[in-house]
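The structure appears below as structure tokens.
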Ligand SMILES: [Mg+2]
């Protein structure tokens, strides 16, 4: 009798449809299924052609646009998520093409099983490997699935994962490129600080090192001693130059020296990190967790700089964070602050988020910045919706049902 009286009220208290109850009894956590996917290729024009050290050494042309791959995923229960990946100078059409080839395997999958879906997508395109363009195409889908899952839980992604803080120190990069005259760099820095940004990064790595030092002296003098300042050589020094420059730069009390060497020179970075007081940061150009693991294992960096879209999305980024945490590295993710604010908030050791204003026109929402920090909003998921301008810059779409 006891069993009967206990069972009846519980059953009547459940308001879920019969089908869902049966599914739970059978062991299925949810019955939701992906039923619609839209991929979009969006070209974001930049107001001014952009040059870092790679342009001044002749290896790349000034950048005039950024190619984005957006994934919008919908489910049978009416949930949706949006994610993006991107590429600079080359690779945008390849990311879009690869995503179109693997996207059909998404239909019918439970959107909650993100790591399983990531693996399924990698195997669908296994012939082209597990890094670079292939995983970057998958990243847009992976990020959309995290956005969807967080929205379903009515939580920001940082809170779905579990965050250590609700705001993250932020520094500006977009005002300090090498095409920008120094007087303008100083003006940009003042504007960034006035807007509540906490630190300033400028580009270095010019063919004549004295030009770098002259610019840096002006910036340090302009900012004063207390404003956090970083430099970024975009991989354009060789080992002897990086060591010599690293020693000269010590007097500027920099937060870090970024990409002093080729992105794949793990041993060279390790030597610098040991020899210099200033922290060494790199990792933005690497295209998988495995490539980052080489840096981490070799003690190459004090501050690791992964980029979620470049290494396959949030699922992969979190695996990398586990490795980095064990070495007590600091974390300063590259670009895509709209994603990385959430991920930096979840990392236990020291963090920074990189402020670029370039992506602002793509979204209806803007991040809140004040007191030197970028603040998480209470909007669920990533907290961003695509703007009409982003739709207008869309150069291709592909739908899957
Ligand atoms: Mg950089």
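Quick reminder: no glycine exception, Cβ is built from N, Cα and C everywhere.
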**Of 217, 221, 267, 284, residue recorded by TrEMBL at the Mg(2+) site of 232, 258** = 284
**Asked** Among 116, 120, 201, 319, which residue does TrEMBL annotate as binding substrate together with 52, 53, 54, 88, 89, 234, 354?
**Response** 201
**Complete:** Listed in sequence order, the binding-site residues from 52, 232, 284, 354 whose CB sits under 6 Å from ligand 1 are 232, 284
**Request:** Would you mind listing, in sequence order, the residues at least six apart from residue 203 (active site, proton acceptor) in the same chain with a Cβ closer than 8 Å to its Cβ?
**Result:** 52, 53, 176, 177, 178, 231, 232, 233, 234
**Prompt:** Could you give the Cα-Cα distance between residue 88 (substrate binding site) and residue 284 (Mg(2+) binding site), in whole Å?
**Reply:** 13
**Prompt:** Using DSSP, what's the helix, strand and coil tally for the domain 'Mandelate racemase/muconate lactonizing enzyme C-terminal' (182-279)?
**Reply:** 52 helix, 13 strand, 33 coil
**DSSP three-state assignment for residue 52 (substrate binding site)** = coil
**Message:** Quick check for the class: what is the C-alpha distance, in angstrom and rounded, between residue 89 (substrate binding site) and residue 284 (Mg(2+) binding site)?
**Reply:** 15
